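See structure below.
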Amino acid sequence: MTGLSRRNVLIGSLVAAAAVGAGVGGAAPAFAAPIDDQLAELERRDNVLIGLYAANLQSGRRITHRLDEMFAMCSTFKGYAAARVLQMAEHGEISLDNRVFVDADALVPNSPVTEARAGAEMTLAELCQAALQRSDNTAANLLLKTIGGPAAVTAFARSVGDERTRLDRWEVELNSAIPGDPRDTSTAAALAVGYRAILAGDALSPPQRGLLEDWMRANQTSSMRAGLPEGWTTADKTGSGDYGSTNDAGIAFGPDGQRLLLVMMTRSQAHDPKAENLRPLIGELTALVLPSLL
């Protein structure tokens, strides 16, 4: 059996366990040490580093690992950029119906929506959806231009209580993820604060927060969902870059009203900028932590 096949079997087993756990009430089992041991084993197995924050927003139960380890933010910044656009619209500074010209000369790689609209106009709402649901990089750059550039994402992060996240560059340079480079980085702890604020807190008004959640529920790039039982879904934003950098952050929603804040940041320790992304690991991590949070 190949390594990938073994991983898929393990994810399937963990999802089954999560489905059982999701239906069990009462006190949670003791989990901190066993989960921590399993996370360390996953790091050894795949030669990766894992930053994780997972919390039940109703009970307060949580699991953490390498909370303050620095990771490349990659496309998880798009959640903040879209939230800032919504905030500006709420304050009357812009309108979501404002139209933006998509210049073919400004297209960057991984822009499936804007490539098809090159030479035409898109509304800010459409750009938000493209950035959040397809991780469209040109759409993200147009949102950055609207809100004031990368520094505006850093400022927004600070305004919602995230004291660590910083965005320095534009797509696609921000995904270089060079080990030790502080540019365009965050931590699991910081993103947990920020994503909780924009999706479950008061960073946005209820209507704007609801719109952001709806957009993110329609995400087509989610890695978390592979680790969730039937009946669950997410409002999340992925990110990936060099050195195997692979992230996912957002909220998982259960069929009985459960809400779990999940932030997973990973990278390879192989020192290879072309290292394979770790999307399957994100699903595996989701399935691993879910039963212990319920």
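Here the Cβ of each residue, glycine as well, is placed from N, Cα and C on the backbone.
Copied over from Swiss-Prot, here are the features:
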type	residues	note
SIGNAL	1-32	signal peptide
ACT_SITE	Ser75	active site, acyl-ester intermediate
REGION	226-247	region 'Disordered'
BINDING	Lys237, Thr238, Gly239	substrate binding site
Under a criterion of Cβ-Cβ distance under 8 Å and sequence separation of at least 6, what residues of the same chain contact the residue listed as 'active site, acyl-ester intermediate'? Ser135, Asn137, Ala140, Asn175, Lys237, Thr238, Gly239, Ser240, Asn247
Chain-mates of Lys237, Thr238, Gly239 with C-beta within 8 Å of site centroid, substrate: Cys74, Ser75, Thr76, Lys78, Gly79, Ser135, Thr221, Asp236, Ser240, Asn247, Asp248, Ala249
Just counting, how many other CB atoms are there within 10 A of the CB of Gly239 (substrate binding site)? 27
What does the DSSP secondary structure composition of the region 'Disordered' (226-247) look like, as residue counts for helix, strand and coil? 2 helix, 10 strand, 10 coil
CB neighbours within 10 A of Lys237 (substrate binding site), counting all protein chains shown, number 30
Other CB atoms within 10 A, centred on Thr238 (substrate binding site): 26
